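Quick notes on the structure that follows.
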Amino acid sequence: MAETDSFLHLARPLGPVAVGSAPTTAPLNVVIQPQAIFSILDHSLRRNADQERVIGTLLGTRSEDGTEVEIRSTFAVGHTETTDQVEVDMEYQKQMLALHLKANPKEVLVGWYATSSELNTFSALIQNFYSGQGDGTWPHPAVHLTVSTEPGKDIETRAYISAPVGVTAERAADSAAFIPVPYEIRYGEAEKSGLEAIASAKDAESRATNIFTDIEALERAIEEVLGMIDRVSRYVESVIDEEAPASTALGQFLLNALALAPKVEPADIERDFNNHIQDVLVVSYLANTIRTQMELSNRLATAQLTLGGEGASAEAGAQRGQRGGKGGRGGQQRTQERASEEVRA
């Protein structure tokens with residue numbers, strides 16, 4: 001990912017525009033979530049071969065004062081672009097926007113993206129649509145995010161807002177001055193671990209990687225921290241020995257990093273760590289004990305049901321045998337009575 005640039009943002013009117021119809025151009029900071037970048041890259045990979053760029057809608061949140069926009073999700077919008085005209089499926093965009101806002105009521109429309117760094121007249125037309133009243137972001141500015149997706153090159157990202165410009169009101173409808181604004185790609189620890197796992201597969205022939213367990217991930221993180229500490233130690237030693245030039249900014253950064261470390265004695269850290277390990281072992285032992293008791297209870301219940309079923313079957317068979325024996329004795333008595341009657345006759 002390309003490094004971010006520094007901007008000096010001056011808000012000023014750039015052209016004639018009706019009062020109350022122009023979005024504000026106050027200083028703005030844009031925060032981009034990694035999943036939004038991945039969604040844009042996936043859309044770029046699925047584009048038609050004859051398309052130079054694809055566009056889509058940006059969704060996210062906006063701070064209460066409107067000075068910070070966080071881009072969280074995106075969706076693609078179909079469009080056809082030639083040298084003379086551009087056609088955008090605005091009806092599809094409106095329906096998809098309503099669906100996304102219904103599923104995620106905390107998100108709002110914040111702008112649009114394009115997979116090309118070029119800014120032209122068509123970009124101004126689309127920008128004016130997204131920043132307009134009604135279905136646009138008005139009175140807030142619409143963010144235009146450009147993501148360069150040229151094969152073999154680094155992914156370059158730029159963020160812009162626009163101000164109206166034009167000699168007449170008619171020309172202002174298809175014109176806009178794009179103003180670059182600072183942006184930041186922000187991710188948490190879980191997202192960072194996922195990105196590192198994905199990046200580890202880029203050098204493999206199979207383009208696949210294994211997901212580490214918690215213990216393996218902890219071991220890997222500790223090894224990385226130890227490696228960084230060794231690298232910093234070597235740099236400090238080289239500066240002390242006047243083998244490398246000193247950097248005031250780097251020294252201040254290291255000083256601030258050391259100030260964040262808790263001032264605890266190593267013996268206290270070791271004692272707390274051992275206590276934590278013992279607590280974890282106790283919890284694990286109790287969990288295994290409960291699991292074993294549950295398995296024994298299930299097996300005992302199953303055994304009782306099995307034994308109870310077999311005993312009931314044997315008892316029912318004995319009762320049927322007794323009833324059969326009684327029936328046989330009754331038949332013998334009736335046969336003897338008939339024989340006695342025949343003899344008397």
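In case you wondered, yes, glycine gets a Cβ from its N, Cα and C as well.
Mean per-residue pLDDT, taken over the domain 'MPN' (30-166), amounts to 87. Per Swiss-Prot, the feature domain 'MPN' maps to 30-166; the stated evidence is sequence analysis.
Here Swiss-Prot flags 310-345 as region 'Disordered'.
Here Swiss-Prot flags 312-321 as compositional bias 'Low complexity'.
If you look up Swiss-Prot, you'll see 322-331 marked as compositional bias 'Gly residues'.
Taken from Swiss-Prot, the feature compositional bias 'Basic and acidic residues' applies to 335-345.
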Original post:
Using DSSP, how many residues of the domain 'MPN' (30-166) fall into helix, strand and coil, respectively?
Top reply: 36 helix, 46 strand, 55 coil
